[in-house]
Amino acid sequence: MRKVIIAGNWKMNKTLAEASDFMDAVIPKAPGGNTEAIVCAPFVHLPALVEKAKGSNVKVAAQNMHFEESGAYTGEVSPTMLTDIGVTHVVIGHSERREYYAETDESVNQKTKAAFAHGLTPIVCVGETLEQREANETMDVVGGQVKKALAGLSDEQVTQTIIAYEPIWAIGTGKTASSEDANEVCAKTRKVIAEITSGDIADQVVIQYGGSVKPANIDELLSQSDIDGALVGGASLEPESFVQLVEAGTK
Ligand SMILES: O=C(CO)COP(=O)(O)O
């Protein structure tokens, strides 16, 4: 059975009490097996959530980090700080960070390298705007983002990278890409990875789809040849719906 990774990106949501309640509800129901469940939480909740998740089938991710280990970067959090508290994954280059916080392909690459240098697994986000899709630029944009993010990584590191294809026009809008369209971009993304590494390596890379994923559409998305999981925003906030999404991976 192929490996499936369902990651819930909470974005800037939940108090500590709400985050803890979520973990208490989800941990006993997380199925494990071929399906990995990851909760991407705000920085301030990470120590408590890592503690709760110990020995369970739920992993805890940060939603961003700096690429330097330490220094005069007011307000930032380093990879060393994340590994020190037991975080295992980190989301890098989410479109909201690219749009609102001047994240660039270059900083995404620096952060991806820093993640591996510190034993963190990066979830690298890529995706096109509606204008780019309508101008038939989707693969130029997504392929370019993927190549730049992975530049300078070893084959082994590429194998371990999780790519999240999130068309920007489908995020938080209720508009999901059709599963065929999403699969087409994921398949072409795998080809781009094969070109810079090899087919064998590209086949092992987990490529997630993200953008209005919910229990009602997860089965169809996961039934596609090149979609190995999902990065979920809104529908990851409620324990019941997150558990349903994770269970879909085991089918
Ligand atoms: O941005 C996303 C996950 O990172 C997707 O968000 P929604 O699932 O709310 O569309």
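Just so you know, glycine gets a Cβ as well, placed from its N, Cα and C.
These features come from TrEMBL:
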type: ACT_SITE; residues: HIS94; note: active site, electrophile
type: ACT_SITE; residues: GLU166; note: active site, proton acceptor
type: BINDING; residues: ASN9, TRP10, LYS11, GLY172, SER212, GLY233, GLY234; note: substrate binding site
type: MOD_RES; residues: SER212; note: phosphoserine
Where TRP10 (substrate binding site) falls in three-state DSSP terms:
coil
Would you mind listing, in sequence order, the residues at least six apart from the residue listed as 'active site, proton acceptor' in the same chain with a Cβ closer than 8 Å to its Cβ?
HIS94, SER95, CYS125, VAL126, GLY127, TYR209, GLY210, GLY211, LEU231
Least Cβ-packed of the binding-site residues ASN9, SER212 (other Cβ atoms within 10 Å) is SER212
Mind running the binding-site residues ASN9, TRP10, GLY233, GLY234 against ligand 1 and keeping the ones whose CB falls under 6 Å of it?
ASN9, GLY233, GLY234
Counting other CB atoms within 10 Å of each candidate's CB, the least crowded of the binding-site residues GLY172, GLY233, GLY234 is GLY172
Taking every pair from ASN9, TRP10, LYS11, GLY172, SER212, GLY233, GLY234 (the record's substrate binders), the biggest C-alpha distance in Å rounds to 14
Out of TRP10, LYS11, HIS94, which of the recorded positions is least crowded by other Cβ atoms within 10 Å?
LYS11
